[in-house]
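According to TrEMBL:
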- 43-61: transmembrane segment (TRANSMEM)
- 81-103: transmembrane segment (TRANSMEM)
- 123-148: transmembrane segment (TRANSMEM)
- 154-171: transmembrane segment (TRANSMEM)
- 183-203: transmembrane segment (TRANSMEM)
- 223-243: transmembrane segment (TRANSMEM)
- 264-288: transmembrane segment (TRANSMEM)
- 329-348: transmembrane segment (TRANSMEM)
- 368-387: transmembrane segment (TRANSMEM)
- 393-413: transmembrane segment (TRANSMEM)
- 434-459: transmembrane segment (TRANSMEM)
- 465-491: transmembrane segment (TRANSMEM)
Amino acid sequence: MAASASERPQFISSNGGNRSFSNAPLIDNSDPNQIIVPEKKSWKNFFAYLGPGFLVSIAYIDPGNFETDLQSGAQYKYELLWIILVASCAALVIQSLAANLGVVTGKHLAEHCRAEYSKVPNFLLWVVAEIAVVACDIPEVIGTAFALNMLFSIPVWIGVLLTGLSTLMLLALQQYGVRKLEFLIAFLVFTIAICFVIELHYSKPDPGEVLHGLFVPQLKGNGATGLAISLLGAMVMPHNLFLHSALVLSRKIPRSATGIKEACRFYLIESGLALMIAFLINVSVISVSGAVCNAPDLTPEDRSKCEDLDLNKASFLLRNVVGKWSSKLFAIALLASGQSSTITGTYAGQYVMQGFLDLRLEPWLRNFLTRCLAIIPSLIVALIGGSAGAGKLIIIASMILSFELPFALVPLLKFTSCKSKMGSHVNPMAITALTWFIGSLIMGINIYYIVSSFIKLLIHSHMKLALVIFCGILGFSGIAIYLASIAYLVFRKNRKATPLLASTNSQSVETLPRQDIVDMQLHGKAATSDLD
């Protein structure tokens, strides 16, 4: 039952006056499926906030991460572990900022982009976000297909086709409530963790070398730089910013200064816990790969597999070096990773489409469209290039995600940097400055790698001079457009300040969770209200 106009939350406009967000959908608080945070301040409230962080953390341990982790461990042993540590710390800062945006404003990142930018930039940002969702979905499709091949000897191309059906079955679990779905995701996360802890125990990596790799930064050669960018792309994903800022809207929190601060604090702790587990899993994967591929008694055949390691070869390698059960454990972890990642990817795609275009689709239809876009290239590569080609496609998809990060990160920073009442217990300006630094560093590394790799490609190519010049002009024009697009987002002045939900000086005002967000998570029904 919708609340009356007088009960709907008030928004603070840029000129200090209040305006009613009259078309903000609310739902009746008698719904037993709602996750309601008690008004009384208590550490027990933390359990009401558990869930969104684990859904977000899945993106940090998806098959794309496993692929890049395996390759970095096989080629550089433990030398790139510090990238995982830096990326995990950066992810915590960035994800907490995304969660704070949703908690304080009551609108997620894609909705803020639609309200702020004109039609053309908004449409282009939507296209980039959709490409990021598809690029994220490709490793999940291929990873699940590899897992099915390891467990049941199903051909990879058939496994690619089966992934869509399996995801739709898991999405059907939504009818049992968002809490049960969150518990399922958490269970899958811990399943992955247990599998790799066991693998870690039997592969026996050297603890001293692992710690050295974690805390001593080093990049040896252009190949290491490329893998480092792939690791960053697989860790800090653009669609996760849209996802996290929307998932927090499913909770009912007291709209008071104390309630908002408590929500931001508990979401930070919850995200930290989930990302710590994801960090340990990634460290375990690299450590297992580094220990196995650098074992002194490795056969020439297994050593050749390590030179171009992918998810499928890793299974055979583990079976030969550690044991058959090790291969099955890896397959179970990979299957859990792929299936859980597709659920969160579907949610992210739904929020992106709803936020940028104000268009909502049923989750099964949204999943079908996204999965088709991911299945088509995956199927073609699996049929033509086999498992090796599919593995290379995962690396390409991860690098695309890294290059697209600025187009989600910069708007997030612009929307949060103007907030004076973010509600966080940490100084918002310090968080914003740190995140700008992290974002600039990632963008700088990406630009350096693009330019250096492109120049190297032109220098060592065997093309005619005229063709080299033409490709150079074309390539550098693309790089210039990429830089100009980022510069536009960075230096463009926001047209208006984003309104804050309710007055943070009030100790009694409350708002219910967003109807459309809850519907997407619980029942998959399209909401009927607009969010302009």
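Here the Cβ of each residue, glycine as well, is placed from N, Cα and C on the backbone.
No contact links the transmembrane segment (329-348) to the transmembrane segment (465-491), because fewer than 3 Cβ pairs that are 6 or more residues apart lie under 8 A. A contact between the transmembrane segment (183-203) and the transmembrane segment (393-413) is absent, since fewer than 3 of their C-beta pairs, 6 or more residues apart, lie under 8 Å. Counting Cβ pairs under 8 Å that are 6 or more residues apart, the transmembrane segment (393-413) and the transmembrane segment (43-61) reach fewer than 3 and are not in contact. Tertiary proximity for the transmembrane segment (465-491) is limited to same-chain residues at least six positions away from its ends with a CB under 8 Å from its CB atoms, namely 121, 124, 403, 406-407, 410-411, 414, 443, 447, 450-451, 454, 458. Across the candidate stretches 43-61, 264-288, 434-459, the maximum count of CB pairs under 8 A to the transmembrane segment (81-103) is reached by 264-288. Residues 55-56, 59-60, 62, 64-65, 67-69, 71-72, 75-76, 79-80, 83-84, 87-88, 90-91, 94-95, 98, 108-110, 128-129, 132-133, 136, 139, 282, 344-345, 347-349, 351-352, 355, 395, 398-405, 407-409, 412, 442, 445-446, 448-449, 452-453 of the same chain, all 6+ positions outside the transmembrane segment (223-243), place their C-beta atoms under 8 angstroms from a C-beta of that stretch.
Proximity of distant same-chain residues to the transmembrane segment (43-61), defined by a Cβ-Cβ separation under 8 Å and at least 6 residues beyond the stretch ends, is recorded for 35-37, 88, 91, 95, 99, 136, 178-179, 182, 185-186, 188-189, 192, 234-235, 237, 239-240, 243-244, 247-248, 250-251, 262-263, 266-267, 269-275, 277-279, 281-282, 337, 340-341, 343-345, 347.
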